[in-house]
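Student: The structure that follows is given in the form of structure tokens.
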Amino acid sequence: MFAKRAVLSLRSLASSSLQAKPNIAAFYGTVSDVPLTPSPLEKARTATVPRHDWTKDEIRDIYNTPLMKLSYAAGIVHQKFHDPASIQMCTLMSIKTGGCSEDCSYCAQSSRYNTGLKATKLSPVDSVLAAARIAKENGSTRFCMGAAWRDMRGRKTNLRNIKEMVKGVKALGMESCVTLGMIDLAQAKELKDAGLTAYNHNVDTSREFYPSVITTRTYDERLQTIQNANDAGLSVCSGGILGLGEKAIDHVGLLHTVSTMPSHPESFPVNTLVPIKGTPLGDNAPSPFDATLRTIATARIIMPRTIIRLAAGRTTLSEEQQVLCFMSGANAVFTGEKMLTTACNGWDEDKAMFQKWGLRPMESFRTGAGEGASAPMQEGMQAKQQPLAEELI
Ligand code: SF4
């Protein structure tokens, strides 16, 4: 850069030697024009290992980068740590719907809101495994099971059945993930011993905004469950929801919470609110797409090894918007007939999109053991990936 400037400046000096005296400072700049330390974005772009000591100011600086520059930088980091053609396909089934005692303001399954949703008991193991088989036949490699509970206290029989589900999903060669509310360390260990890959527990939003959304459990209780899952050796899936009425600084706060965990979540789902009539947030305006893209790109830059998942609200994105998300670091989707109680992009639609854009389903257990397992792409990784979608159809 300096040499180029010097050549340009010499040319300019030569051409102007017979004219007015050149303004040297204008050609060379001054010492104070040269940044003495690289920006947080620049440092992150060239880093080879994840950092866990992000400050909110650094994350805000990255989040506020002009969007195109941010998106390009995220794409560069993404290609360094992942195969950019590889997208994890997950199917999320509700194995126990509704009747939840919690007051999450966005949720159709809370018993506190009149959403017309019928509460059910835990699904039989056989029917869950039948759904997992269908998901596998359609290309999904991770099968997630969600139960609308506050926690697992006093649910011994349910836990036993869920462990059977986990074992069955593993026997199919699929990764398994469950989201069951708060769990203690002993329950996390039981699930790990049954072969569970990952535990989902979202932090939802920033610590500051959280009490505006949920009052029946604290942010710290959420973090404790995440720590329990981590301590048991499970991968952690933990992300957020955009469009709850929060501000951009809360996206920064959310990103700060997850990126300063001792181990970054193996998976970071980015949801946008699907407003449900009857819930307190049922009339919220849609979250703007640029906020989704900024959140994804920033997450990719500050948590380079994490799987970033386009989650609820994907049905509102055009194919091109989804591709922009993939180019900015997203590398997982929920796919199938339903996503818990809301609509989901279907397998056929996703297969067609994958075929058109040269994407392929990520192989099972590509990342299954947390941050350390999803190291920068190793030589030969490409050969292990599943075939391109066009070969599957
Ligand atoms: S804990 Fe889960 S199921 Fe219960 S209200 Fe909150 S989001 Fe809904």
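Glycine too: its Cβ is placed from the backbone N, Cα and C atoms.
According to TrEMBL, the protein carries these features:
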DOMAIN    85-314  domain 'Radical SAM core'
BINDING   Cys100, Cys104, Cys107  [4Fe-4S] cluster binding site
BINDING   Cys144, Cys177, Cys237, Arg309  [2Fe-2S] cluster binding site
REGION    366-393  region 'Disordered'
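Each of these features: where is it, how hidden is it, and who are its neighbours?
Tutor: Cβ-based neighbour count (10 Å, all protein chains) for Cys107 ([4Fe-4S] cluster binding site) stands at 24.
Taking the Cβ of Cys237 ([2Fe-2S] cluster binding site) as reference, residues of its chain lying under 8 Å away and at least six apart in sequence are, in sequence order, Cys177, Thr179, Ala198, Tyr199, Asn200, His201, Pro265, Glu266, Ser267, Phe268, Pro269, Arg309.
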Student: Excluding near sequence neighbours, so keeping only residues 6 or more apart in the same chain, what lies with its CB under 8 A of Cys100 ([4Fe-4S] cluster binding site)?
Tutor: Cys107, Gln109, Ser110, Ser111, Ala148, Trp149, Arg150, Gly181
Student: Output, ordered by sequence, the same-chain residues six or more apart from Cys104 ([4Fe-4S] cluster binding site) with a CB under 8 Å from its CB, or 'none'.
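Tutor: The answer is Ser110, Asp204, Val213, Ile214.
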Student: When the pLDDT values for the domain 'Radical SAM core' (85-314) are averaged, what is the result?
Tutor: 96
Student: Hey, for the [4Fe-4S] cluster site built from Cys100, Cys104, Cys107, who else sits with CB inside 8 A of the CB center?
Tutor: Glu102, Asp103, Tyr106, Ala108, Gln109, Ser110, Ala148
Student: Anything from the binding-site residues Cys104, Cys107, Cys144, Cys177, Cys237, Arg309 with its Cβ under 6 A from ligand 1? List those in sequence order.
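Tutor: What lies within reach of ligand 1, judged by Cβ under 6 Å, is Cys104, Cys107.
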Student: Can you count the other CB atoms that lie within 10 A of the CB of Arg309 ([2Fe-2S] cluster binding site)?
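Tutor: Summing over all protein chains shown, Arg309 ([2Fe-2S] cluster binding site) has 24 other Cβ atoms within 10 Å.
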Student: On a simple 10 Å Cβ count over all chains shown, which one of the binding-site residues Cys144, Cys177 is most densely packed?
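Tutor: Max Cβ neighbours within 10 Å, all protein chains included: Cys144.
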